[in-house]
Amino acid sequence: MPSRTSANLILASQSAYRQAQLRQLGLPFTTAAAYINEEVLTGENAQQTAVRLAKTKTLKIAKEHANDYIIGCDQTAGLDDIILGKPGTEENAFNQLMQCQARTVTFYSALCVYSPENKQLIQHCTQTKVSFRELNESQIRSYIQRESPLDCAGSFKCEGLGISLFESIQSDDPSALIGLPLIALCTALQHTPFQPI
């Protein structure tokens, strides 16, 4: 294991979900909000958007903390050629879940880690295919009322009741669907002072 350092590990996110995930690794870290424009660019697909936003968040925090390790991440969801964002309202969540029911949605969980040692970025994007059950309007409204997934891409929380919406999940990293791909993160942190084991 590399020796400890005076550098900090900073998660470029205020997401309680991602913070809880990072805590699983038992690493000391702080958070910093990376307020950026998260609009989708013309011609950009869901994966490109997630990768770009994760990198932009990382670089924004790295400008202020050039001697620290920075973890940036972003997640988007794609249904055919439609990018599903955070719904923000119950009606938008309802419409998203109606679109998703009985279909497969691909989630892109992008990770970008900045290393102060060599000023390099390590980037990764994990795909997760989620097949939704057939759902009726009543089931969808009940779910939204019970879990209020208004701040989640795709309008569900897979770590909670949202799992009941699914028929199956396919991914190389089961943690990615929550928002922070921990397997890729552990790989990125190898040979750093923040190697988990």
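Every residue gets a Cβ built from N, Cα and C, even glycine.
Listed in Swiss-Prot:
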- Tyr17: site 'Important for substrate specificity' (SITE)
- Asp74: active site, proton acceptor (ACT_SITE)
- Gln75: site 'Important for substrate specificity' (SITE)
- Glu159: site 'Important for substrate specificity' (SITE)
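In the three-state DSSP classification, the residue listed as 'active site, proton acceptor' falls within a strand. Residues near Tyr17 (site 'Important for substrate specificity') in space but far in sequence (CB under 8 A, at least 6 apart, same chain), listed by position: Lys157, Glu159, Ile178, Gly179, Leu180. Ranking the recorded positions Asp74, Gln75, Glu159 by how many other Cβ atoms lie within 10 angstroms of each Cβ puts Glu159 at the bottom.
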